[in-house]
Amino acid sequence: MASTIVYGLCMVVAWAMVLMSTNAGDPDILSDFILPPNITAPDGNFFTFTGMRVLVGSNPPPNFKVTKATKAEFPALDGQSVSYAVLQFPSGGVNPPHTHPRSAELLFLVHGSLEVGVVDTTGNLYAQTLQKGDMFLFPKGLAHYQYNSNAQYPAMALSAFGSASAGTVSVPTTLFTGGISDDVLAKSLKTDVATIQKLKAGLAPPKP
């Protein structure tokens with residue numbers, strides 16, 4: 001498993017360089033790198049991120065899980081137009097439809113299989129079933145999803161972004177927990193308010 005992760009990381013690093021050079025989403029900076037206010041004398045630790053170590057040899061999570069390395073988790077990325085995410089899918093796990101407003105996403109499937117799809121601005125769906133070693137591009141700002149339909153085996157993927165903070169806008173969460181009125185949603189989706197309220201209840205966070 002560890003060697004598979006290393007191989008996957010190498011592949012994504014190479015493709016991330018392509019993203020950085022051709023589709024970088026962050027403004028250019030006028031220095032080699034950006035230091036946060038609390039660091040005045042950086043060393044190698046500043047350029048090192050160890051947050052992925054917990055994934056090596058770990059068991060698959062019970063639910064879909066994302067482990068990110070963006071500028072929020074890894075401040076050295078600020079201004080560098082690159083970030084990563086590790087996506088872990090248990091059997092039947094899904095990453096619901098969402099968008100990344102500030103970057104394209106290049107996904108590399110490390111192991112397992114995934115059903116993926118992206119919808120363009122004319123409503124066309126481009127779907128594919130990925131196998132281990134495959135890559136798939138989700139263009140910047142377009143709604144897309146990933147789903148592990150395999151009933152027996154988990155899947156894991158690595159995603160590279162051409163921004164230190166690509167952003168994620170979940171379509172279900174934005175629609176049904178973003179404060180849009182039930183009447184507006186019911187009319188827009190050609191359904192009734194009762195159905196909208198059921199959908200909202202299903203997306204509400206569990207009570208402690």
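Heads up, the Cβ atoms here are built off N, Cα and C, so glycines get one too.
Annotation source TrEMBL lists oxalate binding site at Asn95, His100, Glu105. Neighbour count (other Cβ atoms within 10 Å of the Cβ, all protein chains): 25 for His100 (oxalate binding site).
Here TrEMBL flags His98, His100, Glu105, His144 as Mn(2+) binding site. In the three-state DSSP classification, His98 (Mn(2+) binding site) falls within a strand. Taking a C-beta cut-off of under 8 Å and a sequence gap of six or more, His98 (Mn(2+) binding site) has these contacts in its own chain: Ala143, His144, Tyr145, Thr168, Val169, Ser170, Val171.
As annotated by TrEMBL, domain 'Cupin type-1' applies to 53-197.
Under the heading signal peptide, TrEMBL lists 1-24.
Sequence-distant contacts (6 or more apart, same chain, Cβ under 8 Å) of Asn95 (oxalate binding site) comprise Phe64, Val66, Leu87, Phe89, Tyr145, Gln146, Tyr147.
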